[in-house]
Amino acid sequence: MPGVLGVIGIVGTGGHAKVVVDIFNRRGRGGFVFFDSNPPSIDRSYFHGPVHYDSPENLSSFIHLVEGWHVAIGDPAQRKNKLEQIMGMGAKLLSAIHDGSIIADDAIIGDGTAIMAGAVINPCTNIGRGCIINTAAGVDHDCQISDYVNIGPGCRLAGGVHIGKLTNLGLGAVVIPGIRIGRNCIIGAGAAVIFDIPDNSVAVGVPARIIKTKSNP
């Protein structure tokens, strides 16, 4: 029977996972089993519950025993890989949405996404699967945020912004209305994006300028 253990499966036990666990606890959904690539290194003063290596065998053996799953890994590519792995096993994905966030009634939030305290998501916005909308980030009306995107703490996205898959916006980055940022990009902390950014770009500064092109993930 699905969920027989009455706990949530959490993949990842770093700093981001601490925030995710806090969100579930605040919503009365505590009780966890953790999976990590290096279980002996985890912070046992914070993570309470069984810990297992995140091997395919271990994940598969628990896949239908827990209430649902959340992949709490900060790196977009690693998060994507692990999410797709457990989805292929039939995992039920849970989003972690802080009760101190503000989300428009018609906003669409993809499965397995984390929305932190103080985040604001305004009307007609679509947030993809497995995204992170971090602390006090603002995503305005009519934005399209693709799967596995990180919006860093304090970022400000004006209306009609489009962000491609696997893109990471650093702390406090701002994006003016109608801008398109491609997939697999990195936007540096504090950058001001006033021009479209193509796929696989690293852009920093005010205004943001491309300093490097990444390889495809």
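For all residues, glycine too, the Cβ spot is worked out from N, Cα and C.
Note: TrEMBL annotation is automatic and uncurated.
Copied from TrEMBL, the annotated features are:
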type	residues	note
ACT_SITE	HIS141	active site, proton acceptor
BINDING	GLY74	substrate binding site
DOMAIN	8-85	domain 'PglD N-terminal'
SITE	ASP142	site 'Increases basicity of active site His'
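Distribution of TrEMBL features across the structure.
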residue	record	Cβ contacts under 8 Å, 6 or more apart
GLY74	substrate binding site	GLY12, GLY14, GLY15, HIS16, ILE132, ASN150
HIS141	active site, proton acceptor	ASN122, PRO123, CYS124, THR125, GLY159, GLY160
ASP142	site 'Increases basicity of active site His'	PRO123, CYS124, THR125, GLY159, GLY160
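Each residue in the domain 'PglD N-terminal' (8-85) has a pLDDT score, and their mean in this model is 94. Secondary structure by DSSP for the domain 'PglD N-terminal' (8-85): 32 helix, 16 strand, 30 coil. In the three-state DSSP assignment, the secondary structure recorded for ASP142 (site 'Increases basicity of active site His') is coil.
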